[in-house]
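Take a look at the structure set out below.
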Amino acid sequence: ARCQCKLPPRERRNCGYPGISAAECRKAGCCFNASLPGVPWCFSPKPRRVRKVCPNDSYARINCGFPGITAKDCERKGCCFRAYPAGVPWCFYHRVVEE
């Protein structure tokens, strides 16, 4: 994402090699900005900030357990648990959303 490339020059960590093109740099998953001399032009992006959420849409749930699993056993597996509504998984995987 574009916001991951907004780094102060002093925080840039080299991600390429001398003479790398903007296209090759981006192809490698890195950021490219040649506007400042003396700092890396091809540099590592900021890490993505993500968090796990339990989906609100009960029909978007992806089963993480088995019939009769307890809330404790489900959460021990690292999953979400909601014992409602009927007909959908009660133990289900988180969704990962970018902040």
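Cβ atoms are placed via backbone N, Cα and C, with glycine included.
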Disulfide partner of Cys74 per TrEMBL: which of Cys64, Cys80, Cys91?
Cys91
Near Cys15 (disulfide bond), which residues of its own chain have a C-beta under 8 A away, given they sit six or more steps off in sequence?
Cys25, Ala28, Cys30, Cys31, Pro40, Cys42, Phe43, Ser44
Taking residues 6+ outside the domain 'P-type' (52-95), which of them lie with a CB under 8 Å of any CB in it?
none
Candidates Cys25, Cys30, Cys54, Cys91 (disulfide-bonded residues); min other-Cβ count within 10 Å returns Cys54
